[in-house]
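Asks: Per Swiss-Prot, the features are:
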- Glu137: active site (ACT_SITE)
- Cys94, His136, His140: Fe cation binding site (BINDING)
Amino acid sequence: MPMRPLVIVPDPILREISKPVEYIDSAVQKLADDMLETMYHAQGVGLAAIQIGIPLRMLVLDVSRNDEQKNPLVIINPEVLWLSDERNIYKEGCLSIPEYFAEVERPKRLCVRYQNREGKQTEIEADDLLATCLQHEIDHLNGRLFIDYLSKIKRDMVIRKFKKRAKEKNTQEAVL
């Protein structure tokens, strides 16, 4: 299971809307395994396929703690059925926006219908951290990032910072 390179802001692919997975076959199974390996290696709790440059409606999650047994979820073609009115605030980060964290307010609970890695239609009701992670990753599938919930000033500052990093990286690579 090879790890896949992560797509980093300001890459425009992160703003694309992902397409549904048509068939769950061995290629999709392998993609799920690669995504999980990539997520665990990067020490993340979630990863959407678009974050490795694949615009498919697919994500992986594991909110278990380091001292707990792994409990990975593979979620294909998710559809949010309902969101609670009650809200939570969590400090969020993103593998596509490394080393940046900000508080984001989201619904505390939700219900999602999806296909699991075997293609079986499933529903999950989640709250707190799992609900937040599901919403964060589903946002990726719709071309939305957690920084979109911040003020325009903060969001623009983050994007400028990452554009500058990308420019410096490209300059260094050109020198080598």
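Keep in mind that glycine also has a Cβ here, set from the backbone N, Cα and C atoms.
Just tell me what is around each of these and how deep it sits.
Replies: Non-local contacts of Glu137 (active site) by the CB criterion (under 8 A, 6+ apart in sequence, same chain) comprise Gly46, Leu47, Ala48, Leu59, Leu61, Ile75.
His140 (Fe cation binding site) carries a helical DSSP state (H, G or I).
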Asks: Setting Cys94, His136, His140 aside, what same-chain residues sit with their Cβ within 8 Å of the center of the Cβ atoms that define the Fe cation site, listed in sequence order?
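Replies: For the Fe cation site the neighbour list reads Gly46, Ala48, Gln51, Glu92, Leu95, Ser96, Glu137, Asp139, Leu145, Phe146.
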Asks: Within its own chain, what residues at least 6 apart in sequence put their Cβ under 8 Å from the Cβ of Cys94 (Fe cation binding site), listed in sequence order?
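Replies: Expected: Tyr100, His136, Leu145, Phe146.
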Asks: Relative to the Cβ of His140 (Fe cation binding site), which residues of the same chain, six or more apart in sequence, are found under 8 Å away?
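Replies: In sequence order, the residues whose Cβ lies under 8 Å from that of His140 (Fe cation binding site) (at least 6 apart) are Leu14, Ser18, Ala48, Ile50, Gln51, Leu59, Ser96.
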